[in-house]
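Undergrad: Can you keep this structure in mind? I'll have questions shortly.
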Amino acid sequence: MDNLTKVTEFLLMEFSGIWELQVLHAGLFLLIYLAVLVGNLLIIAVITLDQHLHTPMYFFLKNLSVLDLCYISVTVPKSIRNSLTRRSSISYLGCVAQVYFFSAFASAELAFLTVMSYDRYVAICHPLQYRAVMTSGGCYQMAVTTWLSCFSYAAVHTGNMFREHVCRSSVIHQFFRDIPHVLALVSCEVFFVEFLTLALSSCLVLGCFILMMISYFQIFSTVLRIPSGQSRAKAFSTCSPQLIVIMLFLTTGLFAALGPIAKALSIQDLVIALTYTVLPPFLNPIIYSLRNKEIKTAMWRLFVKIYFLQK
């Protein structure tokens, strides 16, 4: 049987034992975080201030931007601070809070991508019924239900992981509180914990994956029937990057959850963790919004207004 200890804090592995690499890691993460911050705040401001963008699609894009800011803020700022100060500890309650919010925002990310794929399905496959199906009230209900469901899921998920205040070890073999690595430390009825965590995660991921694939299958089927080759190419160029990000997010997240937990920080674990924690918030503004002509036009109008107001 593993030795059990009552812990009050956890220790994280450093990104590198070399100070210069620690600074490089902090600088790179800071640039990524600032890019995500600026991009998403700009999208939120533009969609909020421009009346032309008060439609269901942009309502969900604004929710996704808010979510991306929250999602990346759970892990990256703390990681930057740890690298610069070389302080790798986090309190037990701090770890619980971070796991809770990470679970909530990760599940909400998946849920909102699913809702947005359904929105595109209705817009492309049933354009005449779009306004009747995607009403303002219906969109608000979907958004509120998504947020509440994901925070409830995170509460069950986190509560199940931290049922007892004892662990096998206080050292997390990752440079942030990655859920699989934390799960490997908790000691309470390990098999039951892992089984329930896997069951909850599998139901969420599989359900969202099936719904997204159905939506995109219908979208591509409709697009292939479009007579104009230029319109087909435009539709494919819009949907393909979205699918790539979704598949990266799902596959790396599942691999991290189902794969073996390494005894030390490895390059493979690092790449996988970065792919599903940093990459989606970084790419989503580019793929879903900044490549969008209406968003770029609205940004231009906003910049023009600001320019003339200052004169």
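Yeah, the Cβs are placed from backbone N, Cα and C, and that goes for glycine too.
Below, the features straight out of Swiss-Prot:
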type: TOPO_DOM; residues: 1-26; note: topological domain 'Extracellular'
type: CARBOHYD; residues: Asn3; note: N-linked glycosylation site
type: TRANSMEM; residues: 27-47; note: transmembrane segment
type: TOPO_DOM; residues: 48-55; note: topological domain 'Cytoplasmic'
type: TRANSMEM; residues: 56-76; note: transmembrane segment
type: TOPO_DOM; residues: 77-92; note: topological domain 'Extracellular'
type: TRANSMEM; residues: 93-113; note: transmembrane segment
type: DISULFID; residues: Cys95-Cys188; note: disulfide bond
type: TOPO_DOM; residues: 114-141; note: topological domain 'Cytoplasmic'
type: TRANSMEM; residues: 142-162; note: transmembrane segment
type: TOPO_DOM; residues: 163-189; note: topological domain 'Extracellular'
type: TRANSMEM; residues: 190-210; note: transmembrane segment
type: TOPO_DOM; residues: 211-241; note: topological domain 'Cytoplasmic'
type: TRANSMEM; residues: 242-262; note: transmembrane segment
type: TOPO_DOM; residues: 263-269; note: topological domain 'Extracellular'
type: TRANSMEM; residues: 270-290; note: transmembrane segment
type: TOPO_DOM; residues: 291-311; note: topological domain 'Cytoplasmic'
Undergrad: Could you tell me the mean pLDDT over the topological domain 'Extracellular' (77-92), as a whole number?
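TA: Its mean pLDDT is 78.
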Undergrad: Which residues of the chain, 6 or more past the ends of the topological domain 'Cytoplasmic' (211-241), have a CB below 8 A from one of its CBs?
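TA: For the topological domain 'Cytoplasmic' (211-241), the far contacts come to 113-114, 117-118, 120-121, 124-125, 283, 287, 291.
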Undergrad: Against the transmembrane segment (93-113), which of these stretches has the most C-beta pairs under 8 Å: 27-47, 56-76, 142-162, 270-290?
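TA: Against the transmembrane segment (93-113), the leading stretch is 142-162.
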Undergrad: How about the transmembrane segment (27-47) with the transmembrane segment (270-290) - do they touch, taking at least 3 C-beta pairs under 8 Å (6 or more apart in sequence) as contact?
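TA: Contact criterion met.
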Undergrad: Where else in the chain does the topological domain 'Cytoplasmic' (48-55) make close Cβ contacts, counting only residues six or more beyond its ends and a cut-off under 8 Å?
TA: 62, 294-295, 298, 301-302
Undergrad: Quickly jot the same-chain residues contacting the topological domain 'Cytoplasmic' (291-311) by Cβ under 8 Å, restricted to those at least six beyond its ends, or write none.
TA: 42-43, 45-47, 49-50, 52-53, 58, 238, 241
Undergrad: Are there residues at least six beyond either end of the topological domain 'Cytoplasmic' (114-141) with Cβ under 8 Å to its Cβ atoms? List them, or say none.
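TA: 56-57, 59-61, 64, 208, 211-212, 215-216, 218-219, 222-223, 235, 239, 242, 288.
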Undergrad: Determine how many residues of the topological domain 'Cytoplasmic' (48-55) DSSP places in helix, in strand and in coil.
TA: 5 helix, 0 strand, 3 coil
Undergrad: State the count of C-beta atoms found within 10 angstroms of the C-beta of Cys95 (disulfide bond), not counting that atom itself.
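TA: Excluding its own Cβ, Cys95 (disulfide bond) sees 23 Cβ atoms within 10 Å.
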Undergrad: Per DSSP, what is the residue tally for the topological domain 'Cytoplasmic' (291-311) in helix, strand and coil?
TA: 18 helix, 0 strand, 3 coil
